[in-house]
Every structure is written in structure tokens, then in C-alpha cells.
Amino acid sequence: MSDFIFTSESVTEGHPDKICDQISDAVLDALLTEDPESRVACETVVNTGLCLLTGEITSKAKVDYIKLVRNVIKEIGYEGYKAGGFDANSCAVLVALDEQSPDISQGVNEADDVNDDLEDNTGAGDQGIMFGYACDETPELMPLPISLAHRLAIQLAKVRHENLLNYLLPDGKTQVSIDYEKGLPVSINTILISTQHNPEIDGLTNEEEIRQRIKEDLWKHVVIPATEDLEIKPNIIKTRFLVNPTGKFVVGGPQGDAGLTGRKIIVDTYGGYARHGGGAFSGKDPTKVDRSAAYAARYVAKSIVKAKLAKKAEVQLSYAIGVAKPISILVDTFDTGVISQANLTELIKKYFDLRPAAIIKEFDLRNLPQKMGGKFFRKTASYGHFGRRDLDLPWEKVEEKAAQLAEASKVFL
């Protein structure tokens with residue numbers, strides 16, 4: 001199938017599920033900042049007037065969880081007249097956190113394949129499969145649909161925070177459909193933006209008039225700025241532009257829908273363009289391979305594409321709880337590779353150390369929250385963990401590895 005339309009979505013930081021991801025990662029940041037060896041599996045639930053923290057945590061850090069939760073909600077924008085039934089200052093915050101299971105801790109602390117190599121002594125925190133992906137559709141080596149959906153969501157939140165469109169409220173979603181011909185992106189077929197808003201805008205009360213006003217404002221202040229540097233741009237005549245298709249979006253956030261950590265895993269990764277192992281990221285410390293190994297898989301895939309050894313690459317890793325080395329490594333270049341997939345796998349095993357402790361050390365995952373002033377993982381909890389132009393993410397820095405792969409691959413050419 002070479003001619004098709006592919007669609008991906010993103011959501012803003014005010015989406016109920018994303019509120020939860022940010023709170024869970026804010027907890028992780030706070031704990032790692034004080035105690036880099038913290039073991040964290042923090043889940044968050046939000047509903048009208050309620051936030052619940054649950055999960056398992058083992059740490060020497062002392063954190064005021066209630067204050068932290070309220071601060072995150074406030075920074076997102078749920079406060080005062082914009083709260084919509086979920087006010088940072090008055091919502092109930094319940095904390096129900098246990099310690100990590102000693103059975104899990106034992107497997108992480110001392111791997112099954114223990115030896116004199118320190119990196120072999122830390123086992124994976126769970127079994128599982130993780131995928132990483134990269135392609136040459138964008139400068140950041142991400143699929144265009146998810147990249148553009150994130151751009152729109154980021155810009156939508158920006159104009160709200162800057163009060164450029166003072167009727168906007170925190171909840172929102174974007175969706176982008178891209179036309180592909182011969183497997184390459186050629187045009188933007190459809191842009192959809194659903195954004196929460198005040199019931200009245202500058203004296204307008206008619207539902208259709210309000211929707212038309214929002215549509216005009218979003219094209220000017222969101223769509224155009226978010227796409228101005230792209231080679232493929234939206235066309236006001238040819239690109240279908242949908243805004244709040246139900247007519248209005250006044251009730252939103254946790255008042256409209258309950259939220260839960262880990263329910264936007266496709267938004268967090270590749271927008272459905274590549275496979276996903278099923279494990280969420282937010283609220284998990286780096287010993288959880290759901291997170292750290294997914295970052296490593298992206299690192300490997302991006303290095304391959306950056307080295308021009310393939311136009312697209314998907315890497316699968318698998319782990320067993322308590323075992324340091326990956327059970328399997330699989331790479332697929334979708335018939336775009338310049339060397340065989342077997343040879344690529346050989347290079348991956350030689351140039352990438354994919355044991356959990358080695359990944360943590362390579363990316364400095366335990367210490368980044370402290371180095372970044374207590375906010376690192378939380379920033380990844382909205383608008384994707386990969387291809388972020390606005391964040392300094394270690395798994396996106398592939399120049400050195402790409403150069404190594406490019407040089408080493410010459411023996412196979």
C-alpha cells in the first residue's frame with residue numbers, strides 16, 4: 001500500500017489523562033531529586049473535584065504530595081474561573097502509596113545473570129517488549145502525522161498560557177491526517193482541533209457563531225504559526241479544517257472525563273505509525289524497562305536513520321524480570337536499509353549496551369531531575385517523549401552513535 005492517508009492525534013497538557021501523567025512524573029522528579037535511587041511506580045486518577053495518588057514507592061526522599069499535586073494542577077491552568085469543576089486549590093487530594101514489592105526489588109537489585117560487571121548486576125524491573133522507531137519524514141526523524149499533531153497541541157497551549165485567546169480553557173486535542181503517495185507524505189489532508197472554551201466569547205452566545213470565531217482564531221494563531229517552517233504546509237482551500245465538530249466544548253477536563261496515568265501511550269510515542277509494546281512511561285523510575293528501554297530503542301532506531309543506513313527503522317527489545325541482558329533484539333527497516341537487517345542487528349549488539357543499568361548510566365536518568373531543577377520527566381509527560389525540539393533529551397542525541405554506525409557499516413557494503 002503506497003498511496004494512503006495516515007492519521008495521528010495529540011492532546012494538550014489539560015487533557016484529563018495528561019494531567020495524570022504530569023502529576024505521576026512530577027512525583028517521580030521530586031523523589032529522584034532528593035534520592036536518585038528511588039523506586040517509583042506512581043499512578044494518578046482524576047475526576048470532578050478529586051485527585052488520587054496510588055502505586056508503590058520506596059525512597060528516602062520526603063515529599064509533600066498534596067502540595068505537589070496542587071502545584072501541577074495550578075500550573076496546567078485549572079484554577080479559579082478556568083477551573084471548570086476541578087480547582088487546584090479546592091480539589092480533594094488522596095494519597096494511597098505503598099512500598100515496592102520485595103520480590104521485584106530483589107530481581108532489580110541483583111540480576112539473575114550476576115557477575116563482576118556492575119551493569120550485569122541490575123536486572124530489568126519487569127518482563128516486557130519495547131519498540132523504538134525513526135524515519136526521515138521530519139528533521140527530528142519522526143513520522144509527520146504525530147509531529148504535526150504535537151506542534152498544534154503545543155501551540156494551542158501556548159496561546160492559552162499567553163492569554164492571546166482569552167476564552168480558551170485547558171483541555172484540548174489535535175488530530176492530523178496526512179496524504180501519502182508512493183509511501184511519502186505529500187500534503188495535509190485534514191486538521192482537527194477540539195478545544196475547551198468559555199460559554200461566551202466577546203458577547204457571542206450563538207453556538208455556530210462561537211465555533212466560527214474559534215475556527216478563524218485557531219487557523220491564524222495556532223495552525224499557521226505551528227506549520228510555518230514545514231515543507232508541507234496546510235492549504236486554507238485544500239486542507240479540511242475541523243474545529244469542535246460537536247458544536248461546543250465548554251465542559252472539559254476532569255469534570256467532563258475521568259483521567260488516568262498511562263492512557264495516552266500512542267500520543268506519547270509515534271502516533272500509531274509504529275508498533276507499541278503496551279507499557280506506559282509516566283510515574284516509572286528508570287529501572288522500569290517500559291520506560292528506559294523504550295528510550296533506548298528510540299536511540300538505536302534514530303541512530304540507524306541518522307547514519308543513513310535506512311530511511312525508516314523499527315527496533316524491538318524484550319526483557320525478563322531480574323535479567324540484565326535483553327532476551328531479544330529485532331530490527332526492521334521496511335526494505336529501506338542499505339545493509340541487511342542481520343548485519344544491522346550485529347552492529348546494534350556491538351555499539352549499544354542495552355542492559356537496564358547501562359541505559360540508566362548512558363542517559364544519566366537517575367540524576368537528570370536534580371540537574372534540571374526538579375523538572376525533567378514531567379516535561380516529557382505532555383507532547384511526546386520523542387522528537388522534542390523544545391527539550392534536551394539524551395536519547396535524541398545520536399550524532400556520535402550514528403557516526404560510529406556509518407563507519408562500521410562500510411565493511412558490509
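Keep in mind that glycine also has a Cβ here, set from the backbone N, Cα and C atoms.
From the options 100-110, 254-264, 276-286, the stretch Swiss-Prot describes as region 'Flexible loop' is 100-110. The two recorded residues Glu56 (L-methionine binding site) and Lys248 (ATP binding site) have their Cα atoms spaced 40 Å from each other.
Taking a C-beta cut-off of under 8 Å and a sequence gap of six or more, Lys284 (ATP binding site) has these contacts in its own chain: Leu28, Val40, Ala41, Cys42, Asp290, Arg291. Neighbour density for Lys248 (ATP binding site): within 10 A of its CB lie 14 other CB atoms from the protein chains shown.
DSSP classifies Asp17 (Mg(2+) binding site) as helix under the three-state reduction.
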